[in-house]
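Quick look at what TrEMBL annotates:
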- 78-399: domain 'SAM-dependent MTase RsmB/NOP-type' (DOMAIN)
- C194, A195, A196, P197, G198, N199, K200, E223, D251, D269: S-adenosyl-L-methionine binding site (BINDING)
- C326: active site, nucleophile (ACT_SITE)
- 455-464: compositional bias 'Acidic residues' (COMPBIAS)
Amino acid sequence: YPMVDKHLAMVMAYDTVLGLGVKTKQDPAAVAIRDSESYLRQALERVAKEDPSVMQKYAPEPLEEGDDATGGSGAAGKQATLALMMPTYVRVNTLAPRTTVEGVLAYFKKRERGARDEDPNFVPTVKQDVHLPQVLVLPPRTDLHKSTLMRQGAVVVQDKASCVPATVLFDRVPIVKPEGSMYNGRLRRVVDACAAPGNKTTQLAALGAEANPKEGTRVIACEMDGRRAETLRQRVESLHAKDTVTVVEGDFTQLDNKYRSRADGLLVDPSCSASGMVKRIDVTASTSTGEEQERRVEQLARMQEKLLTSALTCFPKAQRVVYSTCSVHERENEAVVRAVLANEEIAGVWALANIMPATWTTRGLASEGDDAPPTQYCIRCDPRADKTSGFFVACFDRIASAAPAAAAAKEDNGAAASAEAAPAAASAPAEEHEEEEVEAAPVAAKKAAAPPVTFDDEDDEDDNGAQQAPPPRRGRKVNRVEFSSDSDE
């Protein structure tokens, strides 16, 4: 190492392993420390494994209701620390040719063998997630932009919390269904109500292909904004989902009856405050006042209630509806669930399913009162406890005893609920985890057949700041990786 002040070297080592990194390319000491990042990280992991209390000094204070990524109560520092300590999550895209979870895991582990042979104290860094079978866990700040697997669409860097809703919809985690549940686990047509940029959409397609190996599950992906719909089409194509995904540029509440009458599952992940997104710099840097935030959250929650109500009342054959947000606010989460279940069209027709009751400890906030819905059946994702972004997931199952009444409902009832929801969606200061929605375009149930677009930085991230694979370049052959290969480039 070049000669350098000991204290300055410690600061640069901290920034390299636990901070935002050392950016300079001029200082030889900084370059040497940055080049040693993997060794320093492994050394820290060995120390933490022997004495977990060592890391307590770096652990942020827990998040509270008024302490979110929007900057309230000095939360920005807590959020930044949480983001730096959070693992990188990779979802294996089984839609890609010859791609399996076992194969991708073996591929990553083989790449570790050389490091293990050189260092007997090497700590394994890749493992399968304990809750979600298609998700792999990598060290914090792992950069996979140049990975061959990313270029081929075999893996998607997607936050663990973002992977939960689709997994719940397809019953791929332990779920206790309510008495009389009509859910049979064989979803043939699924509506992704707020689809762009497309990570959850393609995950739905992958899970549907596994649930229905012969014909797959048709996914209707709805997006109102034309530019985001174009991004969605490109994402669907690059992640090998175009055969089973239909992109509809329009409001899902205004879907044509041919879609509404046949859909048996819905994922409703509407625009929200994004208060749980610890990796979103634009959220953590927000300067909005508490009063402004409260007003915005209230407007968003009213829009969310209308959209969820439409999902539960306008699709007569729906068996299951999953509602999720990347918010930590009760008003956008449990309060929305309580309000919707109090609707006379929904009460007695839909009931909450209990998500991972024995394996997921961060539960929804319980409701007070004997007649209150069991919102503890929902789950929350806590950045500190669960090492993923703040999230909320609720699962609604249709009750069999109410099926005849639901089937007899008139189509114009659904149209009325849709008409009420559409203006709210357009007027709310909504943020689909990335950017504001715009006024709904006319519904066009068109299959993806769009010219290629160039991904800019904004469109190259999902709701968790996830790194995304660009679409294949036309005229250039991309060699497919063999999972036994030692090279990732």
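Every residue gets a Cβ built from N, Cα and C, even glycine.
Caution: TrEMBL annotation is automatic and unverified by curators.
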What's the CA-CA gap between K200 (S-adenosyl-L-methionine binding site) and the residue listed as 'active site, nucleophile' in angstrom, rounded?
13
Can you tell me how far the Cα of G198 (S-adenosyl-L-methionine binding site) sits from the Cα of C326 (active site, nucleophile), in Å?
16
Determine the minimum-neighbour residue: among C194, A196, listed as binding-site residues, which Cβ has the fewest other Cβ atoms within 10 angstroms?
C194
Can you give me the average pLDDT across the domain 'SAM-dependent MTase RsmB/NOP-type' (78-399), rounded to a whole number?
90
Excluding its own, the Cβ atoms lying within 10 Å of the Cβ of K200 (S-adenosyl-L-methionine binding site) add up to 27
Give me the Cα-Cα distance between C326 (active site, nucleophile) and D251 (S-adenosyl-L-methionine binding site), rounded to a whole Å.
21
Rounding to the nearest whole angstrom, report the longest C-alpha distance spanning C194, A195, A196, P197, G198, N199, K200, E223, D251, D269, listed for S-adenosyl-L-methionine.
19
Inside 10 Å of the Cβ of G198 (S-adenosyl-L-methionine binding site), count up the other Cβ atoms and send me the figure.
31
Which of D251, C326 (the recorded positions) has the most other Cβ atoms within 10 Å?
C326
